[in-house]
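Undergrad: Per Swiss-Prot, the feature ATP 1 binding site maps to Gly175, Pro176, Pro177, Ser178, Ser179, Gly180, Lys181, Thr182; the stated evidence is sequence analysis. Residues annotated as ATP 2 binding site in Swiss-Prot: Gly869, Val870, Ser871, Gly872, Ala873, Gly874, Lys875, Thr876. Residues or ranges marked as domain 'ABC transporter 1' in Swiss-Prot (evidence: sequence analysis): 142-415. The feature domain 'ABC transmembrane type-2 1' is assigned by Swiss-Prot to 493-706. The transmembrane segment feature in Swiss-Prot is assigned to 511-531, 544-564, 592-612, 630-650, 655-675, 681-701, 741-761, 1168-1188, 1245-1265, 1283-1303, 1341-1363, 1398-1418 (among others); the stated evidence is sequence analysis.
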Amino acid sequence: MWAAEAAFARSGSWREEEDEQEALRWAALQRLPTVARARRGLLRSPAPGEDRVQGDDALCEVDVAGLSPGDRTALVDRLLADSGDVEDFFRRIRSRFDAVQIEFPKIEVRYEDLTVDAYVHVGSRALPTIPNFICNMTEAFLRHLRIYRGGRVKLPILDNVSGIIRPSRMTLLLGPPSSGKTTLLLALAGRLGPGLKVSGNITYNGHHLNEFVPQRTSAYVSQQDWHASEMTVRETLEFAGRCQGVGIKYDMLVELLRREKNEGIKPDEDLDVFMKALALEGKQTSLVAEYIMKVYGLDICADTIVGDEMIKGISGGQKKRLTTGELLVGSARVLFMDEISTGLDSATTYQIIKYLRHSTHALDGTTIISLLQPAPETYELFDDVILISEGQIVYQGPREYAVDFFAGMGFRCPERKNVADFLQEVLSKKDQQQYWCHYDYPYQYVSVSKFAEAFKTFVIGKRLHDELAVPYNRHRNHPAALSTSNYGVRRLELLKSNFQWQHLLMKRNSFIYVFKFIQLLLVALITMTVFFRSTMHRDSVDDGIIYLGALYFAIVMILFNGFTEVSLLVTKLPILYKHRDLHFYPPWAYTLPSWLLSIPTSLIESGMWVLVTYYVVGYDPQFTRCLGQFLLLFFLHQTSLALFRVMASLGRNMIVANTFGSFALLVVMILGGFIITKESIPAWWIWGYWISPMMYAQNAISVNEFLGHSWSQQFANQNITLGEAILTGYGLFKEKYWFWIGVGALFGYAIVLNFLFTLFLTLLNPIGNIQAVVSKDDIQHRAPRRKNGKLALELRSYLHSASLNGHNLKDQKGMVLPFQPLSMCFKNINYYVDVPAELKSQGIVEDRLQLLIDVTGAFRPGILTALVGVSGAGKTTLMDVLAGRKTGGLIEGSITISGYPKNQETFTRISGYCEQNDVHSPCLTVIESLLYSACLRLPSHVDVNTRRVFVEEVMELVELNALSGALVGLPGVNGLSTEQRKRLTIAVELVANPSIVFMDEPTSGLDARSAAIVMRTVRNIVNTGRTIVCTIHQPSIDIFESFDELLFMKRGGQLIYAGPLGSKSRNLVEFFEAIPGVPKIRDGYNPAAWMLEVTSTQMEQILGVDFAEYYRQSKLFQQTQEMVDILSRPRRESKELTFATKYSQPFFAQYAACLWKQNLSYWRNPQYTAVRFFYTVIISLMFGTICWKFGSRRETQHDIFNAMGAMYAAVLFIGITNATSVQPVISIERFVSYRERAAGMYSALPFAFSLVTVEFPYILVQSLIYGTIFYSLGSFEWTAVKFLWYLFFMYFTLLYFTFYGMMTTAITPNHTVAPIIAAPFYTLWNLFCGFMIPRKRIPAWWRWYYWANPVSWTLYGLLTSQFGDLDQPLLLADGITTTTAVDFLRDHFGFRHDFLGVVAGMVAGFCVLFAVVFALAIKYLNFQRR
């Protein structure tokens, strides 16, 4: 006992001693100057030499800028754990400032009489056809010259709106699609683009936007999640924090520390360290990133890369949270957040909004957030609501009075109705009547304009008007509230951060650079064996020409190797534009590090080439000349990288940038002095010769070689060396100083081009091709002065979807085409997949992973069934298994259709599957998409008129009549809104007249009103007697209770409920409430949310109940089993459904339908077709004027070489451009075909052959454009035979290049990988085509590849068809010997005119070869994994 007392006494004295030591440490810290004290803090850590235990921590003085990752994590965990929740944590921060009477800067945002108008095209004029594209370009040019201002219709987006966004209050922005929410947020953030007409005033604390920097004062969180896919979540947030800086945090902290010291206040140690670390952010610490990851739930994926469609990374919901968190690590006092909950479940959205609410209240921030479908508990977190529709503000004020305003107008929110949903639906003409509560008076539709006018007389509206009438007192503005600096960190720090960021990206993309190095090494090895020194001589001018070809190929390779910068930069541009617009850093802070970091790659590539080729080829052996070649290739590579960065920043679109890059490369090479000699370039193009980097490289590398000792022998008794004769004969300079002129010029080009890259990145914006579709009624309502038109499409990025006006449809039971109602039963379904290697590495020993476990159920005609479960429960997996959409894995169990075993080929004909991704051909209109689907999926005996009537009935059923002529477009880019695209997906399946329809998440990503429209569509379909099943993710009460039956799955792929919902979900609620311990549902609470909460994994652990086992033991399970047993037996009078053929249509009907669609798609894809034609016109004019009358010059060997050079350059560059530009087009169409082929619309071969066929007329036009212009300007011999031969070879050459691009896309997963696979073959075709080294000079071991090279056959045909029959004298390069063109072509190249027919057959044969391989790849290769 005495020992115990002594121990307690020692413990007490030890604690007193610790307290004294802590007091001494604090006193020592307080004696430091304030600035030094801001960097030091007391951090609780284990006593030295002891393990961390509860209550056994000691305070240690630390530098807050140097906290270890473990200390940062532990500090954040302690703070949030001690506070209990985020609200208490923010309250502690606020209390610390209040204790010393420091106020936070407040910002009030006002907008008065704000009007924003867009200019749009209407009707068929809005479709992106080739003629419309040309008209748009012409009109834009004339408008720029102020000559023409017509052609477009004005559409109001925001119509004279006014309001106040108050500090310390959370504002919710609600409104239906196309109401102007995004435009309002962009306008308030000072981010509207130049294409809109804006009037009105926007002020922050009474200051106009031009008096400060709004991009630094506020932060706009976009709907788009643009991030560097190679970076982890932590790295993304840390980089954003370093760029944005700490703003006023540091100054406020210093003042706080000064006042606390004066008043003798000792703050909490952990909170003190936390606030100091946040105020010193932007240096090396990342505590703010750690904190944001913790409160946003991103800590579980902190070290996971962000990823994209190519790289597996974080989920879509996590990416959306990262987008928000990226700006919260900054110092903006005003937050504009645009639909930040897309892809998030309601619980996560609630936590995020809750954090923002407490942050706004405690720190006096100003926050406005637009949400799609806020849950009731989320809606309650907001202080104010702004309700906007048709560009007019209907209500703005406290959330509590919004319902009262509409009640005064005669519209009441039902008891079980989400208020946010009510506010959006009450403005809709389709939904308004159900909320009318003045039954004594007849209902009349109240328009948005009437609501807006009524609000002005409402008490809240009057108060708002009175407040706006009194100008903001600018003297109340806190001096630190509005940012006047463009950037939050010093320029040097930004440069350093960018350097580290880009270095990290280079390391993460190291496989690209390694692949380029390996590719260059392989080509260097091939070059070494082609120009092998044992076959290379130095005896004549002809030998010199071979060396010139080798040097030229080296230059071309180094120049070509920079082309990958185009795709790499275009992929990064959205991120760079986002960073630029948010004022993360100036563009030069990005371009300078990118230039510096490219130096090592240039050193490696040029060094590798010289090291492998120089001495093996047999160049001049002097070491100084070897170093000279290395130095020259290094600066050429730097010039090449800069040139293609300029083209990428100028093009800004992959297809356009690739075209620009090809054009730049072509201009540089054709005027470089090798393909066409200097003497042969016309006077009007000689300026191009002098500004071509290739010219300086060609002259410098040639002088470096041919003035060497190896070429010093005297030439033909003349007073010059052989080397000088070669230089002179090829129009090259022979003075030594031209080497240094070349090096200096290339260095200068690298500097100038990098400057232009910076300039374009600063001045140019993303190409504004984002569009939306607005219905005819809507645009007439908004702009009554406009003449009637069908559709308005071209709204850029300011309208993201459309409101749909019309009348409710009656339930439809009969349609023009009958169908057979069918049921589907499935029993004991199990599904297994192979365990991925990454999971095995984590300790999983099984070879197979089971995703579905003994799932049993049934879907019946006229019954709408919901398939619900948390993420990972297996909802989509089950539906894919039942629909036969899985491409891998093992399936067990039985599936029957109306009692007969399911046959997949038959089932495809009678079922429809609406995928979540809404994949459609982007260049078709709505009605064309439906007619196309109906043509291929309805039986062949259905005539055209009946098919058309049926399609129109389906359009009426899904409410798409008003949008029949609208372009489908690409998701998030142009065309239909998300909600309209959902309904199109349903309609496309419905026109197949299916008996069973599967729908995967039909309401995901939609606002409440759009979701209601989609569900009304679904209910209409069910009422026709079809069998429908939908997966659904946490639906609202209205949506959930529109279903008849429910299949509820828990994580792991097990059913825990299968049966009817009952009225107001009574059956479901009674089933789960009968389980002991399950909490009862609250009145008015969403049954879907309740059932997910009470059946969670945590609840299972608390209750000790396995809900799947409970269901299997229940009476409900027995009833389901009995129903399945009954439906699994066919009726006596029934027959098994069979079809005579696999597809509805025969082969040629499939081919004709696919060709019809592809023809429309090509006609409406001007970025591909029109740009290709425009590029061809420019190239043909340029080549024709450069090669002026080349075809009529036939006196010397150089004349033949010049003509061949022009043909070679045209074939190679126009061909490669065709191959590159077709790859994204084929990739999109192949992606669409995966869905269409899975639906049984057609087989692979008709689809592939339609893509091959549709190119024929476009390539023909391209060939005619180039052939006619170039042939005329080049003055080739105008005979019918020679001209037709020229057109023939150009046509089939461009055709096989295009088919080659299609083939490389078909054999690779996507159009990003396709160019990488295709590029090495372009290089080999270039090397072995016979231009740089004739066939007779190619070593015997490589000569076979000359015959396997399609470009060599093209040059054979083009040159021989034009010059192969000429008998006139031809002067050779030595200036002495003469021969005939026939003999020269035969002796030098091995070309014979009588072989022309075989050559033509070979060129056409390559077209057939590539087309067949493309078709077979489409048929047998499937890169979609489900």
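Glycine is treated like the rest: Cβ placed from N, Cα and C.
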Undergrad: Under DSSP, is Ser871 (ATP 2 binding site) helix, strand or coil?
TA: coil
Undergrad: Do you know offhand how many angstrom separate Pro177 (ATP 1 binding site) and Gly872 (ATP 2 binding site) by C-alpha?
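TA: About 30 Å separates the two Cα atoms.
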Undergrad: An 8 Å radius from the center of the Gly869, Val870, Ser871, Gly872, Ala873, Gly874, Lys875, Thr876 Cβ atoms defines the neighbourhood of the ATP 2 site; name the other residues of that chain inside it, in order.
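TA: Near the ATP 2 site, the remaining chain residues are Thr877, Met1049, Arg1051.
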Undergrad: Using a Cβ-Cβ cut-off of under 8 Å, list the residues of the same chain that are 6+ residues beyond the ends of the transmembrane segment (1398-1418) and lie near it.
TA: 1230, 1233, 1244-1245, 1247-1249, 1251-1252, 1285, 1288-1289, 1292-1293, 1295-1296, 1299-1300, 1302-1303, 1306-1307, 1350, 1353-1354, 1356-1357, 1360
Undergrad: Report the member of Val870, Ala873 (the binding-site residues) whose C-beta atom has the most other C-beta atoms within 10 angstroms.
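TA: Counting every other Cβ within 10 Å of each candidate, the maximum falls on Ala873.
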Undergrad: Give the distance between the Cα atoms of Thr876 (ATP 2 binding site) and Lys181 (ATP 1 binding site), rounded to the nearest whole Å.
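TA: For Thr876 (ATP 2 binding site) versus Lys181 (ATP 1 binding site), the Cα atoms are 32 Å apart.
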Undergrad: Check Lys181 (ATP 1 binding site) against DSSP and tell me helix, strand or coil, would you?
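TA: The three-state answer is helix.
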Undergrad: In Å, rounded, how far does the Cα of Ser179 (ATP 1 binding site) sit from the Cα of Gly872 (ATP 2 binding site)?
TA: 35
Undergrad: Under 8 Å, at least 3 Cβ pairs, sequence separation 6 or more: does that hold for the transmembrane segment (1168-1188) versus the transmembrane segment (1245-1265)?
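TA: Output yes: the transmembrane segment (1168-1188) sits against the transmembrane segment (1245-1265).
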Undergrad: Taking residues 6+ outside the transmembrane segment (1341-1363), which of them lie with a CB under 8 Å of any CB in it?
TA: 526, 529-530, 1191, 1194, 1200, 1203-1204, 1207-1208, 1211-1212, 1215, 1276-1277, 1282, 1285-1286, 1288-1290, 1293, 1296, 1324-1326, 1328-1331, 1335, 1381, 1385, 1389, 1391-1393, 1395-1396, 1399-1400, 1402-1403, 1406
Undergrad: Please name which of the binding-site residues listed here, Gly869, Ser871, Ala873, Gly874, is nearest in space to Thr182 (ATP 1 binding site), Cα against Cα.
TA: Ser871
Undergrad: Going by C-alpha positions, which of the binding-site residues (Val870, Gly872, Ala873, Gly874, Lys875) is nearest Gly175 (ATP 1 binding site)?
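TA: Checking each of Val870, Gly872, Ala873, Gly874, Lys875 against Gly175 (ATP 1 binding site), the shortest Cα distance is to Val870.
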Undergrad: Calculate the distance in Å between the alpha carbons (Cα) of Ser178 (ATP 1 binding site) and Ser871 (ATP 2 binding site), and round it to a whole number.
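TA: Spelling it out, the Cα of Ser178 (ATP 1 binding site) and the Cα of Ser871 (ATP 2 binding site) are 30 Å apart.
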Undergrad: Looking at the binding-site residues Val870, Gly872, Ala873, Gly874, which has the shortest Cα distance to Pro176 (ATP 1 binding site)?
TA: Val870
Undergrad: Which residue among the binding-site residues Pro177, Gly872, Gly874 has the fewest other Cβ atoms within 10 Å of its Cβ, if you could check?
TA: Gly872
Undergrad: Pick the one among the binding-site residues Ser178, Ser179, Thr182, Ser871 whose Cβ has the fewest other Cβ atoms within 10 Å in this structure.
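TA: So among Ser178, Ser179, Thr182, Ser871, the binding-site residues given, the one with the fewest Cβ atoms within 10 Å is Ser871.
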Undergrad: Round to a whole number and give the Cα-to-Cα distance in Å for the pair Lys181 (ATP 1 binding site) and Lys875 (ATP 2 binding site).
TA: 33
Undergrad: How big is the gap, in Å, between the Cα of Gly869 (ATP 2 binding site) and that of Gly180 (ATP 1 binding site), rounded to a whole number?
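TA: Checking the Cα atoms of Gly869 (ATP 2 binding site) and Gly180 (ATP 1 binding site) gives a distance of 34 Å.
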